[in-house]
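Feature annotation from TrEMBL assigns domain 'Galactokinase N-terminal' to 20-68. Taken from TrEMBL, the feature region 'Disordered' applies to 90-120. According to TrEMBL, the domain 'GHMP kinase N-terminal' annotation covers 140-225. Per TrEMBL, domain 'GHMP kinase C-terminal' is recorded for 334-412.
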Amino acid sequence: MTSAPAAPGDRDRAEPLAAAFTEAYRRPPEGVWHAPGRINVIGEHTDYNDGLVLPFALGRGVSVAAARRDDGVLEVRSLQFAGIRGEARDGGAARAGDSGGSSGPSSRNDGETGLSVPLDGFGPDAVRGWSERERWAAYPVGVAALLRELGIGGASLLFDSDLPWGAGLSSSAALECATALALCDLYGRDDLASDRAGLARLAQRAEHEYVGVPCGLMDQAASLLCTAGHALMLDCRTGLSAQVPLDLPGKGLTLLVVDTGVRHDLAGGDHLPGGGYGRRRAECERAAALLGVPALRDVKDLAAALSRLDDPVLRRRTQHVVTENHRVEATAGLLRAGAETELGAMLTASHLSLRDQYEVSWPEADLTVEAALRAGARGGRMVGGGFGGSVIVLAASGRAEGVRDAITAAYRARGLADPGFLEAVPAPGARRLAPG
Ligand code: GAF
């Protein structure tokens, strides 16, 4: 059994995409799948330190219509990326142009409409030469190449996304997870599709090897393992997870996701080769090695650990990771006690730690949190890898509109473009949309 229960709107998502697939590939798809993006309630930069995270799935994500091919070729097209040179476009569908491009095993790029790769013998080196415009395809192609090693064949895929790309809401993991679930289902591989934790690890591996980003497990696990009405408490060392009920509207609360408009890229940040994300991960590994522990997760006595680290940067990174793990445990405890109204202080403490100790926040994120708190929000923090993307803000529902207006006013006062807003409630994880 590979599909979570259908959710309202599944049909509205599946039907137009199936029609677009039929137009693009001149045959109907065998099915349509969907994988959501996520926000993370708390537990940032803890996953690759073997720590704890508490994300939930958003009601937005990446959908894919798919049909098998018997020639071992993977052909990918996207309603957002096809025909757009060098940049991703958010939201609304940019329809693929001419649908009759070549797709034989020897062709790689069929002009404006997509990309075809023969999966046999395909490896990470082949992706390295791809242009910026083709880069998005490394995510699904990487997943398909790894699944090929497990006996899964080729397919034609058409993607659609209602998740802003680069907003720190895990659009890349959604792309990977939609691909993984679709391919496993198409080839009747319930053994792989039903092991969602295993599939999350495969998608993570694809991102490491084919995209070159040393991400943790959180985003892929959130997309595949989350359920409606719950946050996912995940122990990234053991892979064990638990569903923690999270009823925000029932507690009179609104969680706003604020897209700051600054694009986030895990390969970027700190404006140096390797990017800020990879550098943070390396710093944590160095700190753990100096402290003689397998991972920063294992630091029990923070004060003693800090006194043993000479490098102030490593001290700050350690301080964040150790305290953030405690914040995840405390937050999960509050949720289990039904005390959602108390979450705000945890969120803000996490943000300050990410800003001052981990140094991954960015000016628009700090501005958002400050404006929200001034307007009476209960708390807020940046989410995801940092250096751009989104902020979450928790407010009493009666105050949410005022908080939103105050954030917009703060952006305007600085001459910034208006931020985007989305109200988040825990939605279902990845599933087949059609046939249901
Ligand atoms: C990104 C990564 F992909 C995650 O694995 C995680 O490390 C996160 O940044 C920070 O918590 O989303």
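These residue numbers are counts, starting from 1, taken along the chain as shown.
Cβ coordinates come from backbone N, Cα and C, glycine included.
The domain 'GHMP kinase N-terminal' (140-225) scores a mean pLDDT of 96 in the predicted structure. The residues of the domain 'Galactokinase N-terminal' (20-68), classed with DSSP into helix (H, G, I), strand (E, B) and coil, number 9 helix, 26 strand, 14 coil. For the domain 'GHMP kinase N-terminal' (140-225), the number of residues in each DSSP class (helix H, G, I; strand E, B; coil) is 53 helix, 8 strand, 25 coil.
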